[in-house]
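As recorded in TrEMBL, the features of this protein are as follows:
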COILED    205-335  coiled coil
DOMAIN    4-116  domain 'WH1'
Amino acid sequence: MFPHHREREQPIFSARAHVFQIDPNTKRNWIPASKHAVTVSFFYDANRNVYRIISVGGTKAIINCTVTPSMTFTKTSQKFGQWADSRANTVYGLGFATEQQLHQFAEKFKEVKDAARLAREKSQDKELANTALTIAAPQFSQDLSDELQSPPVMCVNGPEDKLFRSQSADITLSSEKERIKKMLSEGSICEMNLEAELFTLQDSNSKLVAALHEANANVEQWKKQLLAYQEETERLREQVVELEAHGGHGPSDLLKDELTQSLEELEALLKAKDEEIHILQSKKAEYHEMEHDRDEAMHRLREMEMRNSDLERRIQNTEQNLSNSLEERDRMDSEIQRAIEILDIKIFDLNDLRQSLVKLIDK
């Protein structure tokens, strides 16, 4: 009958924390109640409408506190909080890993305290819930002896088997992750090499295109200048011929020398412009070769993108399978954790009942 009584209590909130108790002598120093972080849970008994805070380390109850409306949970630092239990004549302290965990526990404590206050207003006699085990102990002796004779290991065979399967799933998932990483690295390296080559070709192509556009613009400008120079040369020649035809009425020798020098400079300039035009035409041929190389690189890049798309689809399928496996493992872990918590509580209650029976026998 006792296990049925305990089944009425269900965990409603759990958190991991380091548990401390105030030094009963000094009332100032904290004494660690656990060597490492343990599970601290709020339990609710729907039949008796009672809330309890319970934490079990091994077979020892570290915290067994019935929440009352007069209790107050106080945050003393960013990750530490405390409350006093007048029935146990002690003060409990909890050290959390993060500030968020402390905030969540404080909010749940306030919520449970308010619910306990409402329960007391409805029924004053339910405050004596802590004496229920002692009152019910004589009636549960036969059931307890049966339970003590049965091997308790059978209660955890299911979770242990699930835990073994979870570890096997971890090994499979790890190998699958390594294979995915290898596939991703191979595809990424090839894609990076092609992108680097394409980037180099595009950079060279853009420079050549800019130079070609600039050359074409310069060629048009030079053609106009050349035409203007040719017209100026013809005009100067006509002036020279006209001046020579007039004989004495013509210009002086100094003017002739200046005209001749201007004519030679214009011819030299025309020759230089012709050479620049030939150079630009040769660069244009190189530009066509670069365009051909770019087209080949684009073709190779498209092929690699198709391969990469296929690889991504395979990776997405693998990731989906991996996600499903992880969800299944998390679900199994939560079931294991819940079974362990309930098993710890039942072990504690059995131990508590055994002590009560010993006391009754001694009496």
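Any Cβ shown, glycine's included, is placed from N, Cα and C.
Bear in mind that TrEMBL entries carry predicted annotations, made automatically and left uncurated.
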Number of helical, extended and coil residues in the domain 'WH1' (4-116), per DSSP: 22 helix, 54 strand, 37 coil
Predicted model, mean pLDDT over the domain 'WH1' (4-116): 89
